[in-house]
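Novice: This is the feature table in TrEMBL:
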ACT_SITE  H26  active site, tele-phosphohistidine intermediate
ACT_SITE  E105  active site, proton donor/acceptor
BINDING   25-32, R78, 105-108, K116, 132-133  substrate binding site
SITE      H201  site 'Transition state stabilizer'
Amino acid sequence: SGLIKPVLHFSSNLFIKSNRLVLVRHGESEFNLKNLFCGWHDTPLSEGGRQQSRTIAAAKLVEAQFGFDKVYCSALGRSRESADVILTEMKCAYLPVVLDWRLNERHYGNLTGSNKRQVADAYGEEQVQAWRRGYDEIPPPIEPSNSYYYAILNNLAFKNIPVGQFPLSESMHMCVDRVKSIWEEIREEVLKGKRVLIVAHGTVARALVQHIEGLSNDEIVKVNVPNCVPIVYEFDLNTGELIGSSTYLGDAEYIEDMKDKVAAIGD
């Protein structure tokens, strides 16, 4: 499962020059551990999340002998923290890391800080799954009474967000739209030959998957991305097209178990 296709492909008597992109969802955060809606709250990784970054993401990338030229993270600490652990383990901590707010997790509005199970008990599982997995469903906007409102609003990591673009809540669709411009910038670098690693968040990873694979809105809502399992894409540098499908680096049974866990509301 950790085997990677060669960079040169032989087809119709011509070698196709290609380049790979790797997408990783950050390790488990403290809020993931407690089953809380997190979004734009800047929670750190849990100890388990740091371990996942080392023993799953970094280990699989080392095993597959990957190298990178550049790393993209969100402006949220858990994304950068995962990237730092991965790069340290890969002995390339010197690589340039770009922090971009457009890769921030989807903003869960006033659900931020709430336990998913308790919200499901209050509003019903169907409503919670619509907020979590529906494409156009927008959670209630975050209000000043929310414990995390001011910490999010005053986070200096968000100071470069253009006026009028700071969300108070987002649907999956809004997140997909937000990610589009940064994805186009990254794709351009990949097609110029830069070896790029993206360390992002659950919904942002799904948004990137939709852009990369050209999935429909109905298809992407069924996609779940497990923490710290590298997803490898390969692009034809001549045509800019994707070669084949994505490759997950990891044990297939573990990956399916983690996808199911991500999809569930939890305890």
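Please read every residue number as a count from 1 along the shown chain.
Every residue gets a Cβ built from N, Cα and C, even glycine.
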Novice: Can you tell which of the recorded positions H26, E105, H201 lies nearest to R78 (substrate binding site) in space, using Cα positions?
Specialist: H26
Novice: Taking the Cβ of H26 (active site, tele-phosphohistidine intermediate) as centre, how many other Cβ atoms lie within 10 Å?
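Specialist: Result for H26 (active site, tele-phosphohistidine intermediate): 32 other Cβ atoms within 10 Å.
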Novice: Using C-alpha atoms only, work out the spacing between R106 (substrate binding site) and H26 (active site, tele-phosphohistidine intermediate) and round it to an integer in Å.
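Specialist: Taking the Cα atoms only, R106 (substrate binding site) lies 14 Å from H26 (active site, tele-phosphohistidine intermediate).
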Novice: Tell me which of the recorded positions R25, H26, S29, F31, H201 ends up closest to E105 (active site, proton donor/acceptor) in space, Cα to Cα.
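Specialist: Result: the closest of the recorded positions to E105 (active site, proton donor/acceptor) is H201.
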Novice: Around H26 (active site, tele-phosphohistidine intermediate), which of the listed recorded positions (Y108, R132, H201) come within 10 Å, judging by Cα atoms?
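Specialist: Of Y108, R132, H201, within range: H201.
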Novice: Between Y108 (substrate binding site) and H201 (site 'Transition state stabilizer'), how many Å separate their Cα atoms?
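Specialist: Cα to Cα, Y108 (substrate binding site) and H201 (site 'Transition state stabilizer') are separated by 13 Å.
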